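S.K.: Dumping the structure here so I can ask a few things about it.
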Amino acid sequence: MAEPRYRRILLKLSGEALAGKGTHSIDPNMLDYYAEEIERVHRHGVQVAVVLGGGNIWRGNQAIARGMDAAQSHYMGMLATIINALALQDALERRGIFTRAMTAIKMDEVAEPYIRRRATRHLEKGRVIILAAGTGNPYFTTDSAAALRAAEVHAEVILMAKNGVDGVYSADPRRYPDAKRFEYISYMEALSRGLTVMDSTALTFCMDNNIPIIVFDPLTPGNIERIVMGEHVGTLVSSHPSQ
């Protein structure tokens, strides 16, 4: 059997990924789908950390645009990610995968507090960890949380799931059919062109800490497994094409 290309990954999923075709809430079918996708790589002995967004439950920017205090809205978004984390934890545990939900905001009755060494130890023991509540601070996105946690737990790569898009394009392919998809792009070029990889703060952090990012379509079954086994899927964003 082939050996995995990556041994420790961080998977970034948007909250909308769990909503399926709905605009809000959690679709049980999507929970089962992502649990199966994670299980496929877990079987290879790959250590998996997951960071979830909360946009299926709370759209913070829309609330801010209507006048809500920004910090208040951001904290509500953090709570939304915890709901998503508990739902995914349940879906994974029903498949027999030991899973720990860890939160950047303490709520001991619900999940473990995020402690870097404890998170790393869970990974070493073969447990999937779901890292919720972003960074625990307002004004930072879950993209920034993914970058920060990837650095802290020494993930080899961030798998950046983008619903409906199979990589990084020169322009929005849904609006510009002739947009070019990149097989590889450097951090600096992605930043200078303002391309949609992750927010600029998170992307700069990944560049400074040399954390490669693979942007891919998670709705193609088996894509996560293909990536960890070394197949080229989506777009690699890094300092060098062979990273």
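Residue numbering: from 1, along the chain as shown.
Placed from the backbone N, Cα and C atoms, the Cβ positions cover glycine too.
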S.K.: Looking at Swiss-Prot, Thr135, Gly136, Asn137, Pro138, Tyr139, Phe140, Thr141, Thr142 are annotated for UMP. Which of Gly54, Gly222, Gly230 sits in that same site?
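M.R.: According to Swiss-Prot, the candidate sharing the UMP site with Thr135, Gly136, Asn137, Pro138, Tyr139, Phe140, Thr141, Thr142 is Gly54.
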S.K.: Looking only at DSSP and grouping its letters into three states, which state does Lys12 (ATP binding site) belong to?
M.R.: strand
S.K.: Around the UMP site recorded as Gly54, Thr135, Gly136, Asn137, Pro138, Tyr139, Phe140, Thr141, Thr142, what other same-chain residues have a C-beta within 8 angstroms of the site's C-beta center?
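M.R.: My list of surrounding residues reads His74, Gly77, Met78, Ala133, Gly134, Ser144, Ala145.
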S.K.: State the Cα to Cα distance, in Å, between Gly136 (UMP binding site) and Lys12 (ATP binding site), rounded to an integer.
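M.R.: Given the Cα positions, Gly136 (UMP binding site) is 17 Å from Lys12 (ATP binding site).
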S.K.: Starting from Ser14 (ATP binding site), work out which of the binding-site residues listed here (Pro138, Phe140, Thr142) have their Cα within 10 Å, and give them in sequence order.
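M.R.: So far as Cα distances go, the binding-site residues lying within 10 Å of Ser14 (ATP binding site) are Thr142.
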S.K.: Validating a neighbour-count step here. Other CB atoms within 10 A of the CB of Gly136 (UMP binding site): how many?
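M.R.: Around Gly136 (UMP binding site), other Cβ atoms within 10 Å: 16.
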